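K.L.:
According to Swiss-Prot, the substrate binding site annotation covers 7, 8, 39, 40, 71, 72, 207, 208. Among the features that Swiss-Prot reports, active site, proton donor/acceptor is placed at 70, 206.
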């Protein structure tokens, strides 16, 4: 058995690395749906269908758990797949399996509260708001998942999402540092204009953006805290396996990288982040 990690492209490698560092003995299969990346601008039904196909591929390859290392898939497809598709597929395989996303641990990190906690709404006006900026794909921003779920738990946090329609595609294509920095700066300034000031904290709400986290740090005021999805997801997954011993993550330390796109090495931007050559096999 193994842990499957699924993303529309290479952004999920940021989560994959954090999971491997936390669970080094586990076997991992990474699947990038690069033939259909990015997901952020696709209709919801397409995102659900593509995410389901990716999960099926990973379960058929022996995964006991699939982590959706993609905010768009987690926001739009996860709950629906858990409720309507997963029970039947679990029965067909005849073994324990599950699918988890990355938004729940991110919201727990952003609020400092467990997912199960929902604040009592008292109705009084909160004088001092913590301004949280979320940089994401258009699909994630349109879902308003961060605004809705954080507001349930913390009325003293105001969430402002900034959709970045081109950024994930640019990272997939290996755009240069100057081009990427210009795009990041543009979105940071757009968010600042809408809010009236810089955010107090920020979530990089697309796993691709972790690859260029240094550019966001440079564009935001010095010291602005970034909530890192890979770290919060690794924390959550470690606890999840402790609570669910029926799910086997494997013990061989295997690493497999698959793509629905063109097999072979990844672009220089990705390999610089990874720290060396990285070849994907055909899914």
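Glycine too: its Cβ is placed from the backbone N, Cα and C atoms.
Help me picture these features in the structure, burial and contacts included.
P.N.:
For the recorded site, residue 8 (substrate binding site), the DSSP three-state label reads coil.
DSSP assigns residue 70 (active site, proton donor/acceptor) to coil, not to a helix or a strand.
DSSP assigns residue 206 (active site, proton donor/acceptor) to coil in the three-state reduction, placing it in neither a helix nor a strand. Sequence-distant contacts (6 or more apart, same chain, Cβ under 8 Å) of residue 206 (active site, proton donor/acceptor) comprise 11, 40, 71, 72, 135, 136, 137, 140, 164, 167, 168.
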K.L.:
Quick check for the class: what is the C-alpha distance, in angstrom and rounded, between residue 8 (substrate binding site) and residue 70 (active site, proton donor/acceptor)?
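P.N.:
Taking the Cα atoms only, residue 8 (substrate binding site) lies 7 Å from residue 70 (active site, proton donor/acceptor).
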K.L.:
Residue 70 (active site, proton donor/acceptor) to residue 7 (substrate binding site): how many Å between their Cα atoms?
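P.N.:
Residue 7 (substrate binding site) has its Cα 5 Å from the Cα of residue 70 (active site, proton donor/acceptor).
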K.L.:
Would you mind pulling the longest C-alpha to C-alpha span across 7, 8, 39, 40, 71, 72, 207, 208, which the record has binding substrate, in angstrom?
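P.N.:
Between the most distant Cα atoms of the substrate site, 12 Å.
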K.L.:
Determine, for the substrate site, the additional residues of the same chain whose CB lies within 8 Å of the mean position of the CB atoms of 7, 8, 39, 40, 71, 72, 207, 208; present them in sequence order.
P.N.:
9, 11, 12, 37, 38, 70, 73, 137, 140, 168, 206
